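K.L.:
This structure is in structure tokens; I'll ask about it shortly.
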Amino acid sequence: MSQSPAFGPRRGSSPRGAAGAAARRNESQDYLLMDSELGEDGCPQAPLPCYGYYPCFRGSDNRLAHRRQTVLREKGRRLANRGPAYMFSDRSTSLSIEEERFLDAAEYGNIPVVRKMLEECHSLNVNCVDYMGQNALQLAVANEHLEITELLLKKENLSRVGDALLLAISKGYVRIVEAILSHPAFAEGKRLATSPSQSELQQDDFYAYDEDGTRFSHDVTPIILAAHCQEYEIVHTLLRKGARIERPHDYFCKCNDCNQKQKHDSFSHSRSRINAYKGLASPAYLSLSSEDPVMTALELSNELAVLANIEKEFKNDYKKLSMQCKDFVVGLLDLCRNTEEVEAILNGDVETLQSGDHGRPNLSRLKLAIKYEVKKFVAHPNCQQQLLSIWYENLSGLRQQTMAVKFLVVLAVAIGLPFLALIYWFAPCSKMGKIMRGPFMKFVAHAASFTIFLGLLVMNAADRFEGTKLLPNETSTDNAKQLFRMKTSCFSWMEMLIISWVIGMIWAECKEIWTQGPKEYLFELWNMLDFGMLAIFAASFIARFMAFWHASKAQSIIDANDTLKDLTKVTLGDNVKYYNLARIKWDPSDPQIISEGLYAIAVVLSFSRIAYILPANESFGPLQISLGRTVKDIFKFMVIFIMVFVAFMIGMFNLYSYYIGAKQNEAFTTVEESFKTLFWAIFGLSEVKSVVINYNHKFIENIGYVLYGVYNVTMVIVLLNMLIAMINSSFQEIEDDADVEWKFARAKLWFSYFEEGRTLPVPFNLVPSPKSLFYLLLKLKKWISELFQGHKKGFQEDAEMNKINEEKKLGILGSHEDLSKLSLDKKQVGHNKQPSIRSSEDFHLNSFNNPPRQYQKIMKRLIKRYVLQAQIDKESDEVNEGELKEIKQDISSLRYELLEEKSQNTEDLAELIRELGEKLSMEPNQEETNR
């Protein structure tokens with residue numbers, strides 16, 4: 001057999017230089033993969049079938065020697081590169097030349113060699129592994145050789161298919177993932193729901209990387225890994241195959257499964273929960289798995305935030321995932337292009353968009369975002385614009401007016417508030433009534449009402465601005481019938497107005513508790529301030545009334561005795577004499593004194609309530625937010641402060657309690673004096689001589705100096721400066737994100753006026769309007785009808801149950817099927833009487849699994865835009881090392897394919913030359929024969 005010139009041995013030196021050297025390098029590498037005559041130690045073996053694109057030149061000794069040298073050289077280089085092989089594989093395990101050639105061909109993308117070996121070499125072990133424990137399928141997937149992967153997947157009993165799938169998912173090889181998912185092992189879909197740890201328990205190496213276990217975490221399923229890697233196409237493919245991420249149980253779950261995992265390996269259990277939540281919080285999984293991704297993301301973000309406070313060791317991980325869910329919702333809102341899409345996200349339903357009879361959006365998703373403090377979502381321009389349009393409902397023209405015009409409107413509303421209330425009472429559905437129901441007008445009316453209330457508090461004290469006319473010890477009266485003490489008189493008209501405002505605010509708070517529920521009401525700190533303020537006002541007025549009642553009782557005694565003209569000559573009873581004493585002689589627990597003290601506290605709280613409306617202004621809003629954050633820092637600081645303060649207070653009291661009257665002042669001699677001295681020492685208002693003793697007890701005095709000095713250093717220099725640093729840090733955080741913080745606070749303020757009701761401000765809300773009475777009658781009618789229907793339904797169910805029991809006794813119902821039907825009916829009756837939590841959850845899920853049609857269309861559009869945007873962002877990244885490696889592997893595969901084609905063409909050419917030679921040799925013979 002003649003050799004082709006293209007593959008003949010190269011003799012002598014050729015002037016081609018580099019081209020010839022490159023050809024020889026390629027030739028040596030190609031022969032390395034095709035050698036079949038050398039054993040593992042380089043010795044000749046029995047001839048094996050030749051695979052690939054080289055013909056067998058067994059007749060050429062020079063070629064054989066050259067190939068042996070090439071094999072030894074390349075094998076030595078490979079072993080040098082894979083030097084630490086014994087660290088990973090068993091020393092007794094060795095590969096045959098055939099297996100090495102097979103693995104190398106799979107790794108480098110030599111498709112012709114792999115195809116021929118799979119077809120012709122029946123003794124080949126396709127599950128053989130290299131020194132790292134990887135088989136041919138794993139090597140082909142790792143180097144993105146799709147054709148080789150498809151060839152290997154056709155073989156039966158192929159191992160580690162699951163690990164190859166996980167590897168392809170981690171590298172983002174979509175076509176390879178689709179090819180592997182077409183494997184018969186994934187036909188039923190059970191494999192996709194099985195984690196590697198479950199496969200190991202079944203003695204299965206489906207997900208195993210090598211004999212030591214899996215490549216990834218034992219709890220990572222294909223869908224979880226795809227979600228981690230943000231592979232949208234792969235997640236979509238797996239979801240179509242039926243794969244889902246199972247939501248972890250509650251952290252405090254005590255089921256057998258959770259208890260067993262916690263006892264076996266608590267760390268692995270925690271990591272498995274985090275991996276599952278990472279998959280659930282992935283934008284790829286959120287956008288493709290849920291029909292209501294906004295609600296799912298909001299609920300999941302809150303759940304992760306709660307877990308961050310429970311599992312402190314993984315706090316940063318959970319907070320990061322929670323923020324990821326919030327960013328996903330913000331990303332969807334950012335992709336909205338019209339008002340309908342914004343309303344769909346904020347409301348969750350566009351077909352039943354209007355709430356109540358007034359056509360105002362319910363904004364259920366936005367309420368949830370405010371509750372879970374998704375600040376970027378609430379402060380987003382699309383959301384703020386929607387809120388602003390609702391805020392100026394029925395007053396759209398006022399939005400474009402200047403501040404001067406708005407101020408005049410506010411002033412006009414404040415002055416005409418009684419007239420506006422009368423109009424709303426008698427004509428709530430008129431044009432003016434609709435304007436009064438608008439959020440902006442409600443805000444202005446309530447703010448004006450509260451401003452009037454503060455004015456009443458100021459005016460109530462106006463009679464004492466220049467001092468009191470009666471001295472504290474004055475007891476003389478002009479007449480015996482004027483026994484009332486100073487300020488122990490009946491309530492003035494000013495105080496009656498204040499009381500009416502307080503009663504109106506109490507009624508408004510009661511309605512709010514009824515609407516929101518006690519839990520939601522107590523969750524808001526402003527409600528706690530209102531509750532405290534109103535409770536103190538009520539206690540003050542009650543104490544004042546008690547003082548007035550006792551004084552009136554004493555006065556009634558005087559009124560009953562008209563003969564009493566001069567009280568100085570009459571012996572009075574204690575109940576009368578007590579109320580004739582001067583103020584300086586009053587009892588400390590006197591109701592009048594208690595009333596005045598509580599009233600002063602309530603006035604301070606009332607003026608602090610102004611901070612509630614400050615977020616409405618862009619200038620004062622951030623300041624109010626910073627003030628609130630500062631108060632929180634002070635409360636945190638108080639824990640350390642009180643601990644240090646109490647320690648020094650008790651210590652100094654124990655040191656100086658034996659020296660009462662033996663000091664220059666009374667500091668530290670009592671607990672009260674110790675508290676005063678140490679408290680004012682924080683502000684530098686205590687004297688150093690507070691520790692000086694009049695006697696020559698220098699040891700005690702020195703101890704006092706040391707403790708007092710340590711206290712000042714600790715409190716003033718250390719703790720006080722630490723508090724200042726905390727306040728500065730909080731203020732800087734607010735300042736860095738002032739716009740978002742202010743818009744979020746403003747949205748919370750606006751939302752309190754979006755709800756229906758509470759149209760009339762205090763105290764006009766005390767008078768029920770005809771509209772309120774009408775709605776009350778409708779609710780009573782509905783409640784009575786529901787109650788009647790419920791009793792009627794209960795009677796029908798009881799009658800059916802009695803009938804079934806009678807039929808059962810008579811033998812009519814005797815089969816197993818009928819008995820099961822009876823038990824089912826009992827269960828249904830029980831569920832009708834008291835729905836279980838599970839049934840309510842199923843109803844909740846079904847409501848989201850079957851959303852309105854228009855809403856579903858809108859969410860599809862938004863999700864499609866989000867996925868496309870994510871793909872664009874991913875493609876816009878710079879070419880990294882992994883992508884360069886993929887290009888290199890593609891070039892390598894193309895090289896082998898071209899060489900195979902070249903080899904095939906060479907063989908065809910050699911065959912044609914041989915046939916042509918035979919024909920040419922036959923022609924002379926025929927001529928001789930003819931001759």
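Each residue, glycine too, has its Cβ placed from N, Cα and C.
Checked Swiss-Prot, it gives:
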COMPBIAS  1-23  compositional bias 'Low complexity'
REPEAT    97-126  repeat 'ANK 1'
REPEAT    132-161  repeat 'ANK 2'
REPEAT    163-189  repeat 'ANK 3'
REPEAT    218-247  repeat 'ANK 4'
TRANSMEM  439-459  transmembrane segment
CARBOHYD  ASN473  N-linked glycosylation site
TRANSMEM  488-508  transmembrane segment
TRANSMEM  522-542  transmembrane segment
CARBOHYD  ASN561  N-linked glycosylation site
TRANSMEM  593-613  transmembrane segment
TRANSMEM  637-657  transmembrane segment
TRANSMEM  707-727  transmembrane segment
MOD_RES   SER815  phosphoserine
K.L.:
For the transmembrane segment (522-542), what are the same-chain contacts with Cβ under 8 Å, counting residues 6+ beyond its ends?
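P.N.:
Counting only partners 6 or more residues beyond its ends, the transmembrane segment (522-542) has Cβ contacts under 8 Å with 499, 502, 505-506, 509, 512, 594-596, 598-599, 601-602, 605-606, 608-609, 612.
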K.L.:
Would you mind listing the long-range same-chain contacts of the repeat 'ANK 4' (218-247), meaning Cβ under 8 Å and 6+ residues beyond its ends?
P.N.:
162, 165-166, 169-170, 172, 174, 177-178, 181, 186, 189, 192-197, 200, 268, 271-272, 275-276, 278-280, 282-285, 287-289, 867, 870-871, 874
K.L.:
For the transmembrane segment (637-657), what are the same-chain contacts with Cβ under 8 Å, counting residues 6+ beyond its ends?
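P.N.:
Tertiary neighbours of the transmembrane segment (637-657) are 663, 667-671, 674-675, 677-679, 691, 693, 700, 703-704, 707-708, 710-711, 714-715, 719, 722-723, 726.
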K.L.:
Which stretch from 439-459, 488-508, 707-727 shares the most C-beta pairs under 8 Å with the transmembrane segment (593-613)?
P.N.:
439-459
K.L.:
For the transmembrane segment (707-727), could you work out the same-chain residues 6 or more beyond its ends whose Cβ comes under 8 Å from its Cβ atoms?
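P.N.:
For the transmembrane segment (707-727), the far contacts come to 630, 633-634, 636-637, 640-641, 644-645, 648, 651-652, 655, 678, 681-682, 684, 688, 690-691.
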K.L.:
Treating G and I as helix alongside H, and B as strand alongside E, what does DSSP give for the repeat 'ANK 2' (132-161) in helix, strand and coil?
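P.N.:
Taking each residue of the repeat 'ANK 2' (132-161) in turn, the totals are 16 helix, 1 strand, 13 coil.
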K.L.:
What is the pLDDT of the repeat 'ANK 1' (97-126) when averaged and given as a whole number?
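P.N.:
A mean pLDDT of 88 is what the predicted model shows over the repeat 'ANK 1' (97-126).
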